[in-house]
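Colleague: What follows is a structure written as structure tokens; I'll ask about it next.
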């Protein structure tokens with residue numbers, strides 16, 4: 001999109017409206033706009049250099065109250081009692097966490113550390129506190145910042161130099177993104193989740209299909225999703241190559257935010273909702289690209305390869321390189337099959353799994369835990385499988401325990417852990433060993449993502465739970 005016009009007669013998309021309302025200075029010609037940033041989220045991995053840059057330049061944070069930090073990437077998910085640094089065995093991880101604590105204290109940034117009830121994965125902490133709100137611009141040194149777009153926010157990941165720039169100025173210099181509408185018609189079938197939906201979208205448009213765009217997810221199937229399910233969809237927009245993903249705010253959004261710690265109250269709440277209701281895309285507004293997908297045709301979906309676009313319905317077989325039209329795709333398939341140790345023609349349901357990981361900023365919220373617990377209730381996981389359940393935040397962990405979900409997981413034979421990024425990425429003790437095959441509710445299945453030589457299949461919480469019981473990739477329907 002070009003910089004949105006402010007004329008009342010203009011027909012604007014959701015993304016264009018949010019952009020318009022944050023332009024501090026509009027660039028001339030091909031020059032970027034200067035955009036105000038409402039909220040910057042921080043964690044221990046991508047913030048140290050930014051804080052150092054401020055310190056070396058003798059600067060302070062321009063708006064410390066518009067920053068929110070938590071510890072998530074490097075924290076262990078077992079053996080945590082009081083949040084002491086001594087509970088982190090790895091020296092590099094411990095140093096990064098310690099550095100974040102010192103930086104937040106020095107620069108006046110609100111931090112939720114290990115052992116804090118409000119600690120968790122950064123993309124859960126913002127929503128659960130009510131800090132994430134419609135119409136905001138939100139950034140973080142993390143690609144899955146797109147999660148917050150589920151609330152109608154313009155949320156995207158940035159690099160460390162940009163993190164420092166936001167700290168110093170609370171602005172970013174950016175050219176407007178292109179806009180894409182993905183219309184998901186119909187209703188999702190029973191047993192089909194938001195994770196199946198977004199994996200199907202990525203398989204349809206490819207990992208570069210959304211490059212340079214903000215994707216707005218629209219249609220009946222999207223409107224009927226819960227807030228947590230919407231977060232799952234927007235979370236993986238980056239895996240489709242997009243800069244951000246957004247869903248228009250509605251009553252579902254407002255109901256989720258209302259009453260949370262950082263949400264507006266009283267007249268401020270009424271004023272906020274009145275503004276939020278102006279944000280949905282105008283009738284007649286034009287997107288740079290539009291795609292329509294039949295939501296009712298989506299079935300349980302998984303990945304077979306080493307990028308999120310290499311996915312198929314669970315009912316399929318492992319593809320052959322010859323199934324792909326282009327030479328580059330054939331080579332990519334050959335490489336993926338070799339790394340994953342798969343033989344073309346093998347039914348996906350016959351693939352044996354060693355580990356099941358239910359966690360990450362994609363799928364470790366209450367909806368996800370309830371779905372998995374309902375499937376595991378009264379059942380046991382296969383003897384050949386280890387299952388780790390890692391809630392997305394300490395608040396989610398406590399809520400799940402209040403509902404008795406932890407007991408269901410433990411009685412089924414799963415490990416119930418404390419909050420953190422965990423096995424989503426190989427930056428903490430939770431890792432796969434070489435050749436170990438995992439059904440994971442996370443967002444990336446790159447080579448070595450979950451540990452050197454580890455093999456990852458991206459799945460929904462429902463498929464994860466069924467797979468843990470069967471010992472092979474499975475959906476709940478396979479348990480009947």
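For all residues, glycine too, the Cβ spot is worked out from N, Cα and C.
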Colleague: Out of 361, 438, which does Swiss-Prot tie to the same [4Fe-4S] cluster site as 421, 424?
Modeller: 361
Colleague: If you skip the near sequence neighbours and keep only those at least six away, which residues in the chain come within under 8 angstroms of residue 424 ([4Fe-4S] cluster binding site), Cβ to Cβ?
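Modeller: Set apart from residue 424 ([4Fe-4S] cluster binding site) by at least 6 residues yet with Cβ under 8 Å, we have 357, 359, 360, 361, 362, 440, 442, 443, 444, 449, 450.
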Colleague: Per residue, counting other C-beta atoms within 10 angstroms of the C-beta, which of the binding-site residues 361, 421 reaches the highest number?
Modeller: 421
Colleague: Around the [4Fe-4S] cluster site formed by 361, 421, 424, which additional residues qualify by having Cβ within 8 Å of the site's Cβ center?
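Modeller: Neighbours found: 72, 73, 121, 144, 359, 360, 362, 364, 392, 420, 422, 425, 442, 443.
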